[in-house]
Amino acid sequence: MLRLLPLSLSAQCRSGGPPSHRCFVDGGSPSQRAGPGLLANKGVRVRVRRRALRGADVQPDTPPSRRDGDKPLHADAEQGEGSGVELLDSIKKLLLEDAEPGEEEQGQFPKRWAIVFLCFSAFLLCNMDRVNMSIAIMPMSAEYGWNPQTVGLIQSSFFWGYLLTQIAGGIWADKVGGKTVLGFGVIWWSVATALTPVAAKLGLPFLLVVRAFMGIGEGVAMPAMNNILSKWVPVSERSRSLALVYSGMYLGSVTGLAFSPFLIYKFGWPSVFYSFGSLGTVWFATWAAKAYSTPLEDPGISAEEKKLIISETTSGEPVTTIPWGVILSKPPVWALIACHFCHNWGTFILLTWMPTYYNQVLKFNLTESSLFCVLPWLTMAISANVGGWIADTLVSRGTSVTTVRKIMQSIGFLGPAFFLSQLSHIDSPALAVLCMACSQVRLPFTSCR
């Protein structure tokens, strides 16, 4: 039985149009599967051929003319301003109205959560590779005779590259897709991590360059991850998915700080960089085989899950010009910049200098310093998921997203302001460790939504 196209789509399909936008509609059984460029919906298949059509994440396909009975159902779509968006919206409407999972899709693990888990593991590696220098810098300083000023220069060189690619990574992800950008970032920083011992032996300038290169790779990770999750995760699940990914960062710090002393004592400090760097290649192989930038590109996603994701996403023409003047004139933008600045000020100082503080100020040895450094990141990993669930619950009960953000940010900044201020006049190492751990419980609350 032929199913009529929605008005917005049928209005575009007329004879005589150019061949760049061509629609084919025919009957078929619900069990038929959609390949690239083919959408199966309750006996309806829609093929979209796209050459110049930008903004529609549908792969080109060139099918033969189809018939329903004796009537050819072949039509050409007219080109016009905004036709790409209207066509994509119409296809999405078909998906939302008619998509049903087949029998083999029942019980399938949600693909969006597989993507979230891969992002989680990428950020686990990200912080493993980042914190290993915080531990290895102590034996490296003893071997090469570095003073505190040189140590500070080495630690800061990472952020030279990290700063450069924050905005560029987001723009790049919008153009080529988050899969490519995040994959590039992981491989880039993994290679830089593995080259760190070689660079240190060559001299300080080489080490500074390699550390800056590592920052370049890690700088694109955050915007690429946000790009991917904005395409894959429905708004109703976004806080908990972000919380899970951020908990990967915190667990990465825990893992790196816990295993680095063992590797240093057993095999020497270079082994930390070689072993951690090699893990990135394993992750990249999995990412290249399993991940897609958007659910529309994934041939293995179920129709039911695709329907859920598309129902909470929007389509639009690709952004070609960024209105920086308008963006920077908005007070909320500057409020977010201030929040992010203060958040990173505390986070990265603690990430970089906490082991040295425990070792030189509190007089713990290398192993003790590493183990005590684990506590703040462990509390963050736990509280990250708690914060995400709280935010989603508040929104689901009718609290506005803006109000939720203000509540979570307030908790996230007032808590550490108290605990970190106590460190300036506490003499007890046990109390100092406790205050340090409690101060980091708040960080996940600043990352929700």
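The backbone N, Cα and C atoms fix where each Cβ goes, and this holds for glycine too.
Automatic prediction, not curation, is the source of TrEMBL annotations.
What TrEMBL lists as region 'Disordered' is 51-80.
The compositional bias 'Basic and acidic residues' feature in TrEMBL is assigned to 64-77.
What TrEMBL lists as transmembrane segment is 113-133 (among others).
Annotation comment: TrEMBL describes 115-449 as domain 'Major facilitator superfamily (MFS) profile'. Over the domain 'Major facilitator superfamily (MFS) profile' (115-449), the average per-residue pLDDT in this prediction is 87.
Here TrEMBL flags 153-173 (among others) as transmembrane segment.
The transmembrane segment annotation in TrEMBL covers 180-200 (among others).
Among the features that TrEMBL reports, transmembrane segment is placed at 206-229 (among others).
Beyond its flanks by at least six residues, the transmembrane segment (241-265) meets 112-113, 116-117, 119-132, 134-136, 139, 225, 229, 233, 271-272, 275-276, 351, 355, 366-367, 370-371, 373-374, 377-378, 380-382, 384-385, 387-389, 444, 447-449 of its own chain at Cβ-Cβ distances under 8 Å. The transmembrane segment feature in TrEMBL is assigned to 241-265 (among others).
Residues or ranges marked as transmembrane segment in TrEMBL: 333-354 (among others).
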Recorded stretch, among 113-133, 153-173, 206-229, 333-354, maximising Cβ pairs under 8 Å relative to the transmembrane segment (180-200) = 206-229
Key: Top partner of the transmembrane segment (113-133) among 153-173, 206-229, 333-354 - counted as Cβ pairs under 8 Å   = 206-229
